[in-house]
Amino acid sequence: MSLRFVIGRAGSGKSTLCLHEVQEELKQRPRGETILYLVPEQMTFQTQQALIGSEDVRGSIRAQVFSFSRLAWKVLQEVGGASRLHIDEAGVHMLLRKIVESRKDGLSVFQKAAEQNGFFEHLGSMIAEFKRYNVTPSNVYEMWQQLDAHSSSAEQKLLANKVYDLQLLYDDFERALIGKYLDSEDYLQLLVEKLPQSEYVKGAEVYIDGFHSFSPQELEIVRQLMICGARVTITLTIDEKTLAQPVNELDLFYETTLTYEKIKQVAREEKIEIEKTIPLMEQPRFHSPALAHLEMHYEARPNEKFHGEASVTIHTAANLRAEVEGVAREIRRLVAEENYRYRDIAVLLRNGESYYDVMRTLFTDYNIPHFIDEKRPMSHHPLVECIRSALEIISGNWRYDAVFRCVKTELLYPLDVRKETMREEMDEFENYCLAYGVQGKRWTSEDPWMYRRYRSLDDTNGMITDSEREMEEKINRLRDVVRTPVIRMQKRLKRAGTVMQMCEAVYLFLEELDVPKKLEALRIRAEESGDFLFATDHEQVWEEVMSLLDTFVEMLGEEKMSLSMFTDVMSTGLEALQFANIPPSLDQVLIANIDRSRLSNVKATFVIGVNEGVIPAAPMDEGMLSDEERDVLSAAGIELAPTTRQTLLEEQFVMYQMVTRATEKLYISCPLADEEGKTLLASSFIKKIKRMFPDVIDTFITNDVNDLSRSEQISYVATPEVTLSYVMQQLQTWKRYGFEGNLDFWWDVYNFYVTSDEWKQKSSRVLSSLFYRNRAQKLSTAVSRDLYGDKIKGSVSRMELFNRCAYAHFAQHGLSLRERDIFKLDAPDIGELFHAALKRIADRLLRENRTWADLSIKECEHLSAVVIEEIAPLLQRQILLSSNRHFYLKQKLQQIIFRTSIILREHAKSSGFVPVDLEVPFGMGGTGSLPPMEFSLPNGVKMEVVGRIDRVDKAEDENGTFLRIIDYKSSSKALDLTEVYYGLALQMLTYLDVVTSNAHTWMKKGGTASPAGVLYFHIHNPIVEVKGDASEAEIEKEILKKFKMKGLVLGDADVVRLMDNKLSTGSSDIISAGLKKDGSFSARSSIASEQEFNVLQKYVHHTFENIGKDITEGVIDIAPYKKGNKAACTFCNFKSVCQFDESLEDNQFRTLKDMKDSEAMEKIREEVGGE
């Protein structure tokens, strides 16, 4: 029994010496005593290859490469102890979830924290850390007693409570495992106990290579190996000079020196002979003087400089993508020009979550075979999502999001139906569910679902059409596809008495969906497309899910569990599932994390993402215990994993290892921006390397080849996939700026694409963007007639839409596009309710021959309640009756109608104008409809402007009959003559023209009528500010002012007084007008003369004619208006269709000048030739 150390700096040949000794021993005595070669888990594959890579050693039974966990398996299989069921990380998280749920009421700190994402991962890591450091539940309990007895501050009490919670959960966890299960850490503890009984290990020659430190648990294994084995050889990365000096925590080899001393202490305790240490002083790894210099002088202060040509390269990249592309280009150059193999190259990084997806895509495009050494979660695989969302459907009462997350896994689709067909149908089905607000009991009810196209309050009694019936049948068929398997599982879960039966329900759910066959089809499809990584994913995920169900049953099978807890525990287990890494092929670039990698035989290393806060790492206080709390526990005698401060001290050693892996070339790079364009800073580590190699030039990597010389651009010609974008850059620059000279070799590259059979079609689609102009071509006469017909019938809103943006009009009325219908109460729905409610009250008053002035306050309240109750079941598929929230909203809407009724009552008392009709149709056909506004366009097309007028009021005096238009609005609005001029506000003047033009046929007494004005009535329930001692009358007066109607009224004092008979002088509380003492109008009055009203009406006709002409002649310009802070695009539903982009040459707003009303009126006169 002896111990031997082999020490030396990085690259000194420690592993080579050990492997050579083993190989020589195998050549001399192939059947001798066991040789154990222990390495970290991530080194086992490459070490096994190196061991049998010698020509003289093609295989061996005597020598085996192990990690600690693999050695545990080997020993336990030999001496017993492996009969207990192994639970993996997912099983641990599930068990912890169950323990926490059952203990929740007794927890102090973790009761709420348990609901946070990642809690069980942190808790599992904490318990694993306890085990690795030989901390038992009783140790934690004793620590809690000590802390509880001496805690006075809030921080101390928090730590005491946290330790108490940890002790409870750790103890429950250990009790659940006793005699039944083993987790990963338990194997190492069992290994310590069983090693003395192992004949396989007894007398073995043991090599321990590649470790820098050992946990207390691992140190105990080393102790037993020294006791049981013949000799233990341990390699450590230490400079021999360090051992002759006092240990300093700032020393580069501080961690490995401590490990050296700990192992020697163990050997002394066990009276193990300590052989003479073998120090290795040479640097056989490095074939480059520069890399040898970097290793030898890495920690020197001040930095030792290396002059001359160096094999160290520093790059700064414009962004992360440019950085990765630069790496890819250099890898291809090394392989093509310097005879490198891909396996000779490694890429090291730390923030893999930012890089892996980009690297996977770009390395594939550059045809670089690669292996990413990462653990990928299974949480996004369709199978995992299907199980999780199906359980959420059941436990969450069939919420929309859970249902369609399950649908979109496509595992609910019947096996014999084309996926493409099902996707289209399910999209339609989802639209239906969104429009009808389907959730909850509607999914489980046997009542068939109905489909009707109507949404209007006036269109509720239509007969079902054939197309509606066909759609209804499809919807019910798709409903059964979705709900049937889930309902079957739901029933089984409710009947289940134990966890075993609940797991069986999940298994049967998957089997009845033919999931294994569907996954096999996905695997075959992935293989056919050459994506072998994802092909194996589909195999792995089924095996892992089945293993998870088995583990669940083994651990908790006979227990009873609520459905919600079962869902939570299952979800916790599913979140922990990870894809196993498939060993790399013989010739791939290895992409690995700096902290986990243990590289060997690498000629070139690319260290990427060397940004501040990443390399070296910024301090991060994460996990269950903070650094301060760990320090408290450490002071009390509980040793745990290093604190953030200790980890930061070890960063220098990590970076030293990072830059000493390669034998020939080292590349260091950093991006200046991330994928979102946020600025990143270069690491101070790059400055250190620059000081060591002052002759090395920091080169800049860009995505834009136009920034490079022609000689530099040639390196950007790589594979057809990636080069196409650079050809585009060159051609765009040439086209836009017409630079002097020619495109040199880029024309040759261009010719390759346009002549290649494989790339001709692909490249033409991309290259066509060179000539892309986001312009909508004018429709031909034939197309225009097909879309709009020979007779156009449109509302005023449609005409206004055309003037806002011709393309938006084309999208809505030509292509008939519309937004997805969502089951929610929008502004148009509320507006429709307000109109309907006020019309019903007014109709009732007309039938009773009463006016608004006749109503009492109580009647206003009663009528508002009655009409809202009548309308609620008719509005938007009964949305106001669908939930408590909407019921509350219904009450608020009733209050608004009540308040509006009171105001209309006050207006009626103060006005000579009375409503003569509401919701007056024109051009709609049928009894009571006024004629449309008709136009014969120059191209022969007939156009009718139609609509419905909210309210028409009439007043009479000795001067004749006057008519005014009242338009109800759910937001404040005024008539802007500038908008009238630009054709953006034509509605009110159109309505006024229709009623006055048709007065002789419309009014019961016949005759003519003059325009009195157009006014907007804002329906709302305002809040007013008043003094604390204000009376109720004063408050009501202030509220009345908030309802002042804005618009444009006839500039006739008598007519204005008809509108407000309380007005003598001053401003009216009812309309936007006021009178001075001399009888003239105040400056702020919104008035127009009768002649001006006539001019405005002529202008409306003129504008409609122009609009009609443009529509029928196919004008669909993408030319939205912009006026001040208003723009057509702000609330447009078609932005994703037109792709309007101000950065494009052809896409600019039509900027409309804001004008005073007088200026706008003058321009209107000019247009129509008015006086």
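Just so it is clear, glycine is given a Cβ too, placed from its N, Cα and C backbone atoms.
Listed in Swiss-Prot:
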DOMAIN    1-343  domain 'UvrD-like helicase ATP-binding'
BINDING   Gly8, Arg9, Ala10, Gly11, Ser12, Gly13, Lys14, Ser15  ATP binding site
DOMAIN    281-587  domain 'UvrD-like helicase C-terminal'
BINDING   Cys805, Cys1129, Cys1132, Cys1138  [4Fe-4S] cluster binding site
Among Ser12, Ser15 [binding-site residues], residue with fewest other Cβ within 10 Å: Ser15
Chain-mates of Gly8, Arg9, Ala10, Gly11, Ser12, Gly13, Lys14, Ser15 with C-beta within 8 Å of site centroid, ATP: Thr237, Leu280, Gln283, Pro284, Arg285
Coarse DSSP state, helix versus strand versus coil, of Cys1138 ([4Fe-4S] cluster binding site): helix
Candidate binding-site residues Cys805, Cys1129, Cys1132, Cys1138, pick with smallest Cα gap to Ser15 (ATP binding site): Cys1138
Mapped DSSP class for Gly13 (ATP binding site), helix or strand or coil: coil
DSSP state at Cys805 ([4Fe-4S] cluster binding site), helix/strand/coil: coil
For Gly11 (ATP binding site): intrachain residues, at least 6 apart, with Cβ closer than 8 Å: Gln283, Pro284, Arg285, Phe286, Ala292, Glu295, Thr660, Thr663
Cα separation, Cys1138 ([4Fe-4S] cluster binding site) to Ala10 (ATP binding site) (Å, whole number): 61
Cys1138 ([4Fe-4S] cluster binding site) and Gly13 (ATP binding site), distance between Cα atoms, whole Å: 66
Fewest Cβ neighbours within 10 Å, where candidates are the binding-site residues Gly8, Gly13: Gly13
Helix, strand or coil at Gly8 (ATP binding site) [DSSP, three-state]: strand
Ser12 (ATP binding site) and Cys1129 ([4Fe-4S] cluster binding site), distance between Cα atoms, whole Å: 68
Residues that sit under 8 angstroms from Cys1132 ([4Fe-4S] cluster binding site) by C-beta distance, when 6+ apart in the chain: Cys805, Ala808, Pro1120
Rounded distance in angstrom between the Cα atoms of Gly8 (ATP binding site) and Cys1138 ([4Fe-4S] cluster binding site): 67
